[in-house]
């Protein structure tokens, strides 16, 4: 008999039911559980798959460049970035009638097109690309790179090129290479691109391969660098009336510290950005030479960790045993990497709008909204993944003997205190925030809005003031002309920064009031509750009072049979599953807040947010309902407009979201009966009964149905909000 899918599991491939297919798909990437898997092969498979991942990323970005070059309007957009709408790609749809063709023909195109809300036009323009030829060249280069990575992935699975286990376990070498090579040298290379290509282009000087070696990025060349007079590179920066892309008002400085924004593009000064990347490069290249490898000099991470013992002895053995625990657990490493990446992704969301790096992106409101929302959702999924792999570490990789009385063991010993504190914080935040909102709702309903409880966020306003925001009247640090911080930065970056932070047309340190205070605490409630769920799941993953032997059951189990009927819903997987709902819920509040605050800022009616955000009906009526009107009118009996695709996506998103509940609020027996009825009918229907299946159809397991339900809930939720966000923003601002 031919071996059936899945080839990696003898047991599953012999399963006579459809469970074989579902469980095969579910465990395809759980390499550890595959037949004949050794630790070395596990590392090699994961290593090779990284090349595949990189190939896919480069293929995707190559496709972005190619389609814009082929079907976009990059050159026309570059002539007038504020008024031409950037085209992502053409739409070919045989269903389009004449009204649809007309509605979607925009941005100077000859047929229906999609508008780009990703910010790639602004990015490419800022880094010095100007023509379609530039885009094609970039696409071709990335395509070649993609092929190269596929070959490298294949190569590293060949016997002669497979790295051994000791190579993967060599943490110091990997850290040195990643710090110096990945971060350091690539930052240096990027500085080089900015200085040699992007900055000259922003000043109207076209540098390409033909004149790269002859065009001086700075009039004095390398002279100041070699003679140690580095400050020369900061002199004569672009003036405040510089027209981006032209020599009008341009300077010659290449590494500056001006602070604030370029007045015309509303983005950070390109010369400040180059300086930043150079500094990062220097720091990381040095950092990548700190760890001990073949030469017997430098730090040993293991020695550093072993030395980290808290003084006084009351806090246990600190970091003893951590090196081997982390170095031998891929789940621990992945958990750490995902936690760091999740935080960074959320920081990217926060910084992309408040300190825009790309020319003219701040005036493209829909793109700003889309990028913020996109990065916050990505951050949410990455963070839940971090907690999931942390829990898997405790179940599969944690060794109590190796970690006696160190920080990990003490976390587990203190789990009651940790979980109960998180629970208390969530309850406190939830009841108080909801109490304030509901009180304010009732006061408005009774016609006495002056009786609302409105709390000024004085601490947050004070923090904004320390950074130089003068509005609140706090005389402190950067908002006080007498402070040493103020005088120290006066000749450098401070004037530009103060100008930016006190300018009401950008998003830097937005003015905050009672509505912000409330929604801030609502978000804090969401964050603490979301955190408490997977933290409890991970800390209880090895065992709890209710189920001391839980780790024997693995990461995901539905229940432990009728004998212990109270053991349903307590696997670490269930904690992950529940936390994703709360994560989506929290990010919903975050993005609602960001979007509404910005819509009123961009429309010049901030009073609407200030007055309506202090009670729930304000959010429902003046944000959600008011802004979904264009969406619901995407098409109606009188025809359609260019928002109709978002209207359809809005409806479709709701449908997918609702289907999620079909899997979430429904039990296995019902499905098993239904499937058997359908199979019976199928086998007795002429023509249909010519198609038979080898596997006996069985319903999804409880855990699988939850996964399918969760996937539909998440996808539907995101589709619905994406359509709302893009339609409501682009409908207002074009």
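Every residue gets a Cβ built from N, Cα and C, even glycine.
Swiss-Prot lists transmembrane segment at one of the ranges 210-233, 234-257, 306-329, 330-353, namely 330-353. Within the set 553-574, 575-596, 597-618, the record from Swiss-Prot flags 575-596 under the feature transmembrane segment. Checking the ranges 273-291, 444-462, 463-481, 482-500 against Swiss-Prot, the transmembrane segment annotation falls on 273-291. As stated in Swiss-Prot, the feature transmembrane segment covers range 517-535 out of the listed 80-98, 99-117, 517-535. Contacts of residue 559 ([4Fe-4S] cluster binding site) defined by a Cβ separation under 8 A and a same-chain sequence distance of 6+ are given as 565, 567, 568, 569, 702, in order along the sequence. Between the transmembrane segment (369-395) and the transmembrane segment (575-596), three or more CB pairs separated by 6 or more residues in sequence fall under 8 Å, so the two stretches touch. No contact links the transmembrane segment (517-535) to the transmembrane segment (175-199), because fewer than 3 Cβ pairs that are 6 or more residues apart lie under 8 A.
The stretch from 46-69, 135-158, 575-596, 707-727 that makes the most Cβ contacts under 8 Å with the transmembrane segment (643-665) is 707-727. Under the DSSP three-state reduction, residue 671 (phylloquinone binding site) is assigned to helix. Taking the binding-site residues 670, 671 in turn, the residue surrounded by the fewest other Cβ atoms inside 10 Å of its Cβ turns out to be 670.
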